[in-house]
Every structure is written in structure tokens, then in C-alpha cells.
Amino acid sequence: LQESESENKLDGETASDSESKSEFGASSPVPTSDDTPEVLNRALSNLSSRWKNWWVRGILTLAMITFFFIIIYLGPMVLMTIVMCVQIKCFHEIITIGYNVYHSYDLPWFRTLSWYFLLCVNYFFYGETVTDYFFTLVQREEPLRILSKYHRFISFALYLTGFCMFVLSLVKKHYRLQFYMFGWTHVTLLIVVTQSHLIIHNLFEGMIWFIVPISCVICNDIMAYMFGFFFGRTPLIKLSPKKTWEGFIGGFFSTVLFGLLLSYVMSGYRCFTCPVEFNNDTNSFTVDCEPSELFQLQEYNIPVVLQSVVGWKTVRMYPFQIHSIALSTFASLIGPFGGFFASGFKRAFKIKDFANTIPGHGGIMDRFDCQYLMATFVNVYIASFIRGPNPSKLIQQFLTLRPDQQLHIFNTLKAHLVDRGILGSLEDA
């Protein structure tokens, strides 16, 4: 009896869940099937299921990494488009689970309203991004200037329309379930859309802030799987029975080392380190600048304790490499909890994967569950320890003011600089 109860708890079913089933109807798991390409099935037919899964995951992982390099080569606009596509697909997978689990009720407007709210939230976030990074372009075009001026009011009006539509769609006897699905949609929006918006902001700070964190999560996922596959003996967490301490620790050290090496290589290229800015003359993105101190080689003293071990007294490295240690450490120690969270979610609804989009890997959300948590950390890290005032944005806003406003700011700034002794006296000027 104790074993039976523990199995039920492991699958995410408790007494309260049983009561919910009686109220909402019996939930059915989302069906999954083997979508492995026929070519791979034939080539790997003689292998055991364990090694077959290993080869399928390995081949598809290499394919995804190759695709990742291609979109990086194509530039920021393509990366933004891919982030948007991934966001939509992840939203679709989570919403589809909710629809399939409770498909016994024909909830009016549920799917339509879910996608409508996705549109509203994307309009708000991407409108804010366009206004922030394309300020001069927005001010140059009359329709865009009007949309920018009233952007938040329009966003609120759109959301309010959806809210009223939801209230009008409420059906007697299904109130609780409808509010449950309303909350499902909004939590999904919070997890998916907000994080994808932060990823794009990280991208505009410099492609290195986009590539290194994502690569660290990918590296940790691969190396934890490799160490766990070959050396794993000790279970790590009940939510993911296949995760082991050996994989967790091996993934940590591998990811920190990988982050240091990747950061060293990328810090020497301006196309990766410079912020992504919009050039008004060419109407295109530019990534050319004078590298900041973060991306200039500096000499650091090695602690006395380690000098006898490595045989060096000093080491030359980029300051960004020190930050990469923090990024890779988070990707290794905290990032996996995004995967554990997703595992708990899947166990709660008795499904193996979010979808069958990628053979051997599951859905897109199965591959990006840790990336979203990482995106938030990177954005907070940049805001707390890296980002300072951006003079170019201030100048762009300054140039859009009326002449009298510009003169007022000029005189105020001039008087301030004179008081600090940076400029000569007002009489000499």
C-alpha cells in the first residue's frame, strides 16, 4: 500500500487531484508517438532501445546545433524572428495540453481567447522594444509616432477587450473550469512571452550575451546527459528519475570550462561584443563599436595558493570571462531546475513530452524549459552589474525635442559642468 501511494505521488496525483477529476471530468494524457525518421529506425534497428535513443538524440542534437550556428550567422533580425517562432510554438504546446486534458468540455472561445491574449501581450512587449531601439525611426514616421505615443493605452484597450470577451463567454456549471483555463493561459503568457522578450533585450546588449548563456545551457544539457549515461548511478531528484548526481556534477564542471573557452574566443570579435543598434542612415542593424573594458585583455594576479599548482603568477584574460563563470554556474546549478519544473508539470498530467516535434527530444518546450529561466537571470545580471546609461539613446531623444527644450537642456548641462570645474566659467565660454 505504501509503495502504491508513493507511486501515485510520484506521478503527481494526490487526493485533491482525484477530487478535481470528479469535478472537471477524467483527464486523459496527451498522446505521444515515436516520430523518429524511418531512415534512423532502419539504421539503428539492431541496437537496444537505450543505445537507439542515445544515437537518435545525438544526431538530432548535432542537427540543432548546426541550425543554431546558421541563424547566428544570418544576424540579429533572423535571431529575433526565430525567438518569436519558438515562443509561439512553446505557447501552442502548453495551451494544447490544457485543451487535450479537458477536451470533454466544449469551452466557448477558449482557444480563440488564448491566442488573442498572446497577440495582445506580444503587441505590448514588442511595441516597447521598437520604441526603445528604433526611437528615431519611430519619430520619423507619422503613423509610428502616433502608435508609439498611445502604445500603452492601445495595449490596455486590446487586453480589456479580451477580458470582456472572456466574461461574456462564461457558461453556467463550467465557471470554475473556465477560470482555471483563464489562469492557465496567463501563467503560460508569463512564462513564455515575458522570457522571450528578455531574450531579445539580451540580444540587443550584444550577441555575446545571447550566445554564451544559451550555449552554456546547451552544453550543460549535453554533458549532464553524457556523464549520466556512462557514469550515472545515484538518482538526483524524483521528478526526473533519469537525472543523476554524476551527470549533474559532470555537467557543472564541463559547462564552466566551456563558458571560459567560448567567452575567450568570442570576446575578440566586435560583431559579438558590440551592442546591436539601428543605423538611421542605412535603415539596418549595426554591430560596430569600440570594445568596452569588458572585452579588452587584462592581466590578473593568480592567488598564491594556486601559483605553485599552475606555475604562473599572472594570467591574461578578458573581464567578460569572469562574468561567464557566473553565467555558466547559474546554467549548471539553477538552470536545471527549469527542467525539473517542466518534469513536474508533465508528471502532473501524465505525459512524457510537451509534443513530438523533435524526435528523441520531445517538443520545443522540452528543449527550452531551462533557457527561459536563464534568460531572466542574464537580463537581471546585466541590469545589476553591467549596464550603465546609454549616451546614444539620450542623444536620440534629445534631438526629437523642440528647439527651446534643447536650449534649456543645453544651458542646464553647461551650468552643471561649469560648477564641477569641467568647463571654464560662463563668462569665458
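Cβ coordinates come from backbone N, Cα and C, glycine included.
Checking TrEMBL for transmembrane segment across the ranges 86-108, 178-200, 362-384 points to 178-200.
Looking at 60-82, 244-266, the range annotated in TrEMBL as transmembrane segment turns out to be 244-266. Between the transmembrane segment (178-200) and the transmembrane segment (109-126) there are 3 or more Cβ pairs closer than 8 Å, counting only residues 6 or more apart in sequence, so the two stretches are in contact.
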